[in-house]
Structures are given as C-alpha cells and as structure tokens.
C-alpha cells in the first residue's frame, strides 16, 4: 500500500515536457478507449461511516438516501450513500472480520485487509473514484490490455445487470468502472436500501449538484500522466507550471486529463523542489503517506446560497474555510469580472470569501475548505462556472466542461492561504517542542 503502480512507473514516454498555461493549446482528439459518460460516485474509506457521513451530510447539504449495513443484512461493512443532485458520496467502514460473512458485502470489491492498511496509511481518504461506462467488463478489458494495473475484475451484482470493476488510479486509490442495466432505479447499487420518504432530501439541500473534478497529488507527474492516458485514452485538457501558479515560497506543476465529453476531469499535481518552503503538494504526500486524492471540486448552481448555508454550519459540525483574500483582491476584481458580476455580487463574493477567475470562454467562482479530516490532506472545493453554454444534437442546452478554467489566477492566493495555514501549524509544533 502507498506505492505507485509498477505499471505506471514502467511506462515512460520518450519526452515529457510541460509548456505552461500560456503556451498550451487545447484540443480534443476524441481518443477515449471506451465510452465514459460521467462521474458515478466517490467512495471514502474511514473508521466510522456513521459519524463521518453525518458530518458531510450536514456540512454539504447532502442527505442520506441509501444504506447497506447490519440492518440490511450486510455484516461485512457499513456503507452510507449521500446524494445531492448527481453527486453521490459513499462512506464505508468495516465490521469485525471475525463476525462478518464476506458474501453479504454489497460492494463486492471490499477487502478487510485493504481497508485496514488504507486507513492506517491515509486516515479518512478517497478509496474509489467511480465513472459510469457502457460496460464495466469491456472498459476493464480495454484498460488492462493497455497497461492498467488490475485491482478487481468485473463482478455482476445481485440484479444481474449492474457490474463494477476496478483498476489502479494512483497511490492506493482505484478507478472504479460502473455499468448499470436498463432496470437500474438510479439510486445506487443493488444491496443498498433507500432511506426515508424524500421529504428530508428536499429540506437538506444547499444547491450542490455534481462532481466537477477530482484532483490527485502524486510524487511525479510523468509516469502517472502517461499511465492514465495510455489505458483510458483521455487527453490533456490544461496544464500549469510552477511559473504559472507558484508563490515566492512554493509551487507545483499540474496537468488536467479529460474524457471525450470533457465532463470527467482528472487534474494531477506534482511538487516543485528548491523553493524556500516545502511545496504544499509535498506536505500532502508526507501526511498522506503517498499519492492520493487531494480535493474534490463540487459544482453548485448558486454559490452564494451554498456558501451562506455552509458557513452557517462551519462552527457547528460543518466545514471551515481557508482564510479569505485581502480587500485589495476584491478592489481589483471589478476590472477583471465587472462585465459578468454586478457590484452587489462582487460585494457578496468579498463577504463570503469567494475567489473569481476567468479564461477566454467563461468565469469561475471558487472557494476551498480547510482539510476535512485530522490530517492536512483531503479538502473540498465549491465552484460555480458561468458561461460556455452549448446546444447538443437534440437542441438541449448544456455547459461545456471546464468552463472558466481551473482558477489559475487564484492559485497564488490559494497557495498564500495554505502557506499561512501550514505556518500556523508549524509554529504550534515548534512551541510545543520548545516547551518539552
């Protein structure tokens, strides 16, 4: 556990050179090796699924909609499904292996030994990023034939239609393929029972609608980018170098991979060395004991409403946010986004600590939580994308993937905020050491 795939390390392109955001030319070769429709769900492994899921439910406005635990006949693990719009989070923790009947597990890829090693190394963390495909079996075969490291072969679930399979993504995180039969009820996977009557679901809703992107931190970009591109066929959607995003003290390099529809986005970060301070990416890798999911970006339909609801709960069981930018940031904002945001909206952005960036296609509004667990690793990003509306073949409107970019103009502010947070933690450790 905690080591990069040997398959990933063995596949090295002839040349890997980042050109930076300014020189990067975006194109979509439509090169997927198997159809990828959307993010299906994210599964977190933790020590206590009940309380962890309740904290995320309260903090993000995601009600509990389905469960698989002792009450449903599952003696292997407790899993609780939260949902808001198309966004699905699953939280899984094991029961005692000595009392469990492994065949009762609703997620057949669950492993007691893997869970124990995973949570010991990483604490609360993302175990699986699931994508919906036409056929889990076909996607798995196509991926493995192109170098993907197999984790769990295809399994057909209890409804005899839904199937899942897993391959290595990075670190101890897996990419899970999910295909649903024509009879799927849309709730989740067979073996999960629906909770409640839907009334509470309507009441607990802060406006979050889907997963926009899942960001991974890795020691080295080159082998991981090449590994993922080779077995998925995903293309490079964007890239950033330390010169694009760094501060005077630390930095990163980043590549964003996308599927054909550009609605499944996988940004990947590596640390930069030789700076005054250790890169935040390296800090993550140290505390996470290896590569893993750094943050999940969640799309909201109204970021002002979402942030008002989340901030009301920050001190009472919800999530805290990174410090807001200085007032000068917002004084300069009107010249950058005044044609998209009204004076009242810019004022609301300052009040809530929302960052704004834009590219030649659209505008991005974003904000970041502090780490959501005990370790300074995993955090959440809340975003709203404005613009880039397109018509599909049926004449329906949709928003182009990645509209407004990934906040290149805000990386500096984010890094400064994280640096100050890390300095605060370090000062506490130094004080404690001096007093010992």
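Just so it is clear, glycine is given a Cβ too, placed from its N, Cα and C backbone atoms.
Database features, via Swiss-Prot:
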DOMAIN    38-194  domain 'VOC 1'
DOMAIN    210-370  domain 'VOC 2'
BINDING   213, 295, 381  Fe cation binding site
Output field, Fe cation shell: CB within 8 Å of site CB centroid, site 213, 295, 381 dropped: 212, 214, 215, 267, 294, 296, 297, 298, 380, 383
Local Cβ density at residue 295 (Fe cation binding site) - other Cβ atoms counted within 10 Å: 23
Secondary-structure category, per DSSP, in which residue 295 (Fe cation binding site) falls: strand
Cβ contacts of residue 381 (Fe cation binding site) (under 8 Å, same chain, 6 or more positions away): 295, 296, 297, 298, 366, 367, 368, 369
Set of same-chain residues at least 6 away whose C-beta sits under 8 angstroms from residue 213 (Fe cation binding site): 256, 265, 266, 267, 296, 297, 402, 406
